[in-house]
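So that we are looking at the same thing, I have put the structure below in structure tokens.
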Amino acid sequence: MEQSSPRMTTGTRETPLNSSPAVAANAEGEEIEVLESTDVLPMAPEDQWKSLFDKYDPDNSGFISTERFRDLLATHGSELDPHKLEVLLALADGNADGKICYQDFVNLMSNKRSNSFRRAILQGSRQLKGCSLRDEVGLGLPQRLVRHVAYETLPREVDRKWYFDSYTYCPPPWLILVITIAEVAVFMYYGFQLDRLVLQVSSPSFLKSPLPYHPQLRAQAWRYFSYIFMHTGIEHLSLNMAMQLLVGVPLEMVHGALRIGLVYVCGVLAGSLAVSVTDMTAPVVGSSGGVYALVSAHLANVVMNWSGMKCQFKLFRMAMALVCMSVEFGRAVWLRFYPPAFPPCPNPSFVAHLGGVVVGLTLGVVVLQNYEQRLQERSLFWIFFCVYTLFVLCAVFWNIFAYSLLDVRLPPPP
């Protein structure tokens with residue numbers, strides 16, 4: 001995960017990582033592929049794991065036999081997390097070449113999982129044995145929360161155990177919480193200023209804020225993002241906040257603030273740009289673009305990995321999520337076509353919801369499908385990212401030229 005940097009530990013002491021030449025493995029069939037020389041390896045003289053590996057590799061070939069590898073684990077396995085030891089044994093059993101690559105061994109010890117290491121485990125000749133993470137007892141409340149999040153978001157047991165061993169609450173899931181607190185604070189501020197909490201949009205001063213997107217003020221670029229902090233009323237804020245916290249916080253705990261922030265911000269921008277292209281006279285408020293990007297990506301990930309997802313009552317909970325999304329979307333559609341309080345300016349558009357869904361089903365799914373893997377190594381990520389970038393550029397040109405060419409009659413500025 002992006003939020004944790006690779007490190008190796010001996011007792012309570014941390015050992016820095018230095019560079020080393022990569023070790024190549026035979027790339028036939030199910031064998032481990034060549035690892036790049038840019039991979040980071042621990043090479044400090046006092047490094048315990050390197051010393052142990054060298055002890056079992058007197059020829060410095062970069063490999064040890066699976067028999068010697070099992071001897072190493074039997075002797076020093078008590079110094080490893082039990083789940084990490086279990087994965088190493090699966091790697092030994094799944095390697096048809098009968099040898100273990102030093103690079104993959106170090107990647108595991110340093111919490112760095114290469115693509116070749118993942119393939120070596122998934123192509124193993126047996127499934128991971130031993131009790132599942134759900135069967136473990138004697139866990140404290142923080143550990144039970146991490147285990148719950150693992151089963152909510154990850155489809156493979158090996159990933160769930162890996163996440164359970166690696167997650168440290170440092171940093172905590174701060175991004176979604178900060179966004180939610182800011183939205184509540186802005187809503188309460190305008191609630192007192194406008195003297196209403198329900199249907200704030202009916203106030204004549206609602207759109208005078210510097211935050212909502214308004215077609216007459218589309219040259220103010222920050223409005224394409226800042227509109228998420230304004231909501232039409234407490235009913236709008238409550239639904240968005242519930243989905244944002246229930247889905248966004250667990251996803252951030254697993255995938256990190258950078259990845260989840262990328263999906264969220266892309267959904268927000270896609271929502272406002274989609275409105276500016278398809279519903280050209282309408283303003284936009286609410287965080288639905290970002291929320292729908294996260295929720296739709298998570299639901300799609302659950303459906304695509306249905307048999308592997310072990311969260312409780314998943315069918316019922318998925319149905320409830322779809323009901324909440326439908327209710328919120330239905331409310332937005334109704335409000336858009338309801339007679340506005342101050343014509344000719346229409347009520348806020350619902351198209352931002354659809355922009356968020358499209359981002360979630362494309363870019364969001366790629367992010368959630370590649371836990372612990374580098375997104376920049378995924379060709380599908382770059383395909384969707386390039387398509388998204390092309391959409392943004394086309395929408396920008398549309399906003400610059402189309403309004404005047406089509407002679408769109410816009411409502412007066414607020």
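Glycine is no exception: its Cβ is also placed from the backbone N, Cα and C atoms.
The following feature annotations were taken from TrEMBL:
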- S288: active site, nucleophile (ACT_SITE)
- H353: active site (ACT_SITE)
- 1-21: compositional bias 'Polar residues' (COMPBIAS)
- 44-79: domain 'EF-hand' (DOMAIN)
- 80-115: domain 'EF-hand' (DOMAIN)
- 1-25: region 'Disordered' (REGION)
- 174-192: transmembrane segment (TRANSMEM)
- 224-249: transmembrane segment (TRANSMEM)
- 261-278: transmembrane segment (TRANSMEM)
- 284-303: transmembrane segment (TRANSMEM)
- 315-338: transmembrane segment (TRANSMEM)
- 350-368: transmembrane segment (TRANSMEM)
- 380-406: transmembrane segment (TRANSMEM)
What stretch, picked from 315-338, 350-368, 380-406, has the most CB pairs under 8 A with the transmembrane segment (261-278)?
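Out of the listed stretches, 350-368 contacts the transmembrane segment (261-278) most.
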Can you tell which of the active-site residues (S288, H353) has the fewest other C-beta atoms within 10 angstroms of its C-beta?
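Per-residue Cβ counts within 10 Å for the active-site residues S288, H353 bottom out at H353.
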Averaging the per-residue pLDDT over the domain 'EF-hand' (80-115), what integer do you get?
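Mean pLDDT across the domain 'EF-hand' (80-115) comes out at 62.
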For the C-alpha pair, I'd like the distance in angstrom between the residue listed as 'active site, nucleophile' and H353 (active site), rounded off.
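The Cα atom of the residue listed as 'active site, nucleophile' is 5 Å away from the Cα atom of H353 (active site).
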